[in-house]
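Participant: Have a look at this one.
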């Protein structure tokens with residue numbers, strides 16, 4: 001056995017021992033590196049499929065002020081949430097993630113009740129987030145076809161069918177096993193980082209004209225009618241505009257759900273959470289700035305038959321270049337579906353393992369070949385597709401699903417952090433990643 005193999009075995013044994021101390025046997029194969037864990041979480045959050053599809057929403061609800069300053073405001077608080085979650089993840093690196101943390105931190109009095117609610121809120125956030133992301137990818141695919149085939153009419157029915165095809169494909173990649181997921185994770189990192197860099201440079205260089213800094217940082221637009229037809233203030237419209245940023249910075253709990261398959265999970269799990277948040281903030285800020293500078297005519301862009309973001313790509317990169325960028329968004333959304341199904345199924349598996357799902361003995365069986373919860377992979381796929389059914393009759397489905405996702409994730413992130421700094425403060429033991437004496441102040445801000 002060479003030094004690398006010895007190191008791998010030592011890490012595996014330490015991970016297995018820590019998992020056993022938490023009450024679980026190592027059943028899933030521990031095969032993912034820290035980089036791959038980060039890749040899953042960056043993909044699960046997928047700023048490309050978050051900020052871009054809702055760019056028109058941001059232009060409507062506050063305009064550049066909401067898009068840029070809203071992003072920075074949300075990013076500020078998300079960093080505190082990430083720090084609080086990372087510290088807990090280092091102590092409890094299990095696939096159950098947040099609901100397991102809640103059970104431990106709540107103690108015998110509050111743990112059982114809060115962990116049950118926590119599990120369902122987290123599930124709601126995950127499946128709604130994936131459904132919205134892949135539905136957005138399907139919408140962009142429809143748009144791409146219409147760019148090249150003007151007679152093609154994008155409809156809700158076509159969006160749904162494309163979305164279902166993408167989700168089934170995501171399920172197949174998950175069913176292929178660990179090697180396929182590793183490749184998907186690394187490809188996604190390249191797509192999100194390199195793709196964003198190319199997109200930003202192309203928009204800034206290729207735009208016929210760029211908006212000035214005053215427009216980008218101070219222009220407020222309200223196309224909701226709230227400030228003109230009611231007594232609502234611009235601040236209310238700005239808060240509505242935060243939906244774009246909030247939906248783009250969710251899903252970073254994926255590092256925790258993949259921890260039972262990650263080497264040195266007590267270090268790489270927390271690191272994956274924080275690295276993905278930092279990368280998402282930087283990617284999102286670059287995208288938001290470039291796309292806002294690249295707006296040509298505001299009303300024309302907002303009312304484009306292609307949607308605001310695709311119109312900006314087409315204006316700044318031409319038909320071919322714009323089409324490539326639209327496809328990058330589609331591909332990012334598909335990869336988001338792959339990563340989210342992986343995270344969803346692990347969380348479902350942990351909950352079934354603890355008897356939390358109906359027919360838990362059936363759902364908690366792992367596939368012999370892949371050592372993965374493939375039954376729950378396909379349950380996730382089915383639920384995610386069903387959530388998109390309203391898109392058959394409503395154009396507002398994406399906004400509704402993203403709102404549901406935000407509620408589910410936000411509540412599920414808040415509960416364990418609150419318990420950590422209150423009823424669990426005396427019993428919680430800090431591990432490799434810890435915030436020291438800043439743990440409580442950071443927790444209260446989060």
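Each Cβ is built from the backbone N, Cα and C atoms, and glycine gets one as well.
Annotations per TrEMBL:
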TRANSMEM  38-60  transmembrane segment
TRANSMEM  66-86  transmembrane segment
TRANSMEM  119-140  transmembrane segment
TRANSMEM  160-176  transmembrane segment
TRANSMEM  183-207  transmembrane segment
TRANSMEM  232-252  transmembrane segment
TRANSMEM  273-295  transmembrane segment
TRANSMEM  324-343  transmembrane segment
TRANSMEM  376-393  transmembrane segment
TRANSMEM  399-419  transmembrane segment
Participant: Most CB pairs under 8 Å with the transmembrane segment (273-295): which of 160-176, 183-207, 324-343, 399-419?
Facilitator: 183-207
Participant: In terms of Cβ proximity under 8 Å, which residues at least six beyond the ends of the transmembrane segment (66-86) contact it?
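Facilitator: Residues 51, 55, 58-59, 98, 216-217, 220, 237-238, 241-242, 244-246, 248-249, 252-253, 256, 269-271, 273-274, 277-278, 281, 284-285, 288-289, 292, 413, 416-417, 420, 433, 435, 439, 442-443, 445-446 contact the transmembrane segment (66-86) from elsewhere in the chain.
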Participant: Which of 38-60, 119-140, 183-207, 324-343, 399-419 has the most Cβ pairs closer than 8 Å to the transmembrane segment (232-252)?
Facilitator: 38-60
Participant: Give the nonlocal contacts of the transmembrane segment (324-343) in its own chain as ranges (CB under 8 Å, at least six residues past its ends).
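Facilitator: Beyond its ends, the transmembrane segment (324-343) has Cβ neighbours at 39-41, 43-44, 46, 48-49, 52-53, 126, 129-130, 133-134, 136-138, 140-141, 143-144, 147, 166-167, 169-171, 173-174, 181, 184-185, 187-188, 191-192, 195, 199, 202, 251, 253-254, 257-258, 309-310, 313, 317, 377, 380-381, 384.
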Participant: The transmembrane segment (38-60): which same-chain residues, six or more beyond its ends, come within Cβ distance under 8 Å?
Facilitator: 32, 66-67, 70-71, 133, 136-137, 139-140, 181, 184-186, 188-189, 191-192, 195-196, 221-224, 241, 243-245, 247-252, 254-255, 258, 268, 271-273, 275-277, 279-280, 283-284, 287-288, 291, 295, 298, 301-302, 307-309, 312, 328-329, 332-333, 335-336, 338-340, 342-343, 398-399, 402
Participant: Which one of these stretches, 119-140, 183-207, 399-419, has the most C-beta pairs shorter than 8 Å to the transmembrane segment (160-176)?
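Facilitator: The stretch with the most close Cβ contacts to the transmembrane segment (160-176) is 119-140.
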Participant: Which bits of the chain, at least 6 residues beyond where the transmembrane segment (119-140) starts or stops, bring a Cβ under 8 A of a Cβ in it?
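Facilitator: Cβ under 8 Å, 6 or more out: 46, 49-50, 53, 96-99, 154, 159-160, 162-163, 166-167, 170, 247, 250-251, 253, 307, 310, 326, 329-334, 336-337, 340-341, 343-344, 347-348, 351, 356, 380, 383-385, 387-388, 391, 397-398, 401-402, 404-412, 415.
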Participant: Are there residues at least six beyond either end of the transmembrane segment (183-207) with Cβ under 8 Å to its Cβ atoms? List them, or say none.
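Facilitator: Distal contacts: 32, 35-36, 38-40, 42-43, 46-48, 173, 279, 283, 286-287, 289-291, 293-294, 296, 312-313, 315-318, 321, 325, 328, 331-332, 335-336, 338-339.
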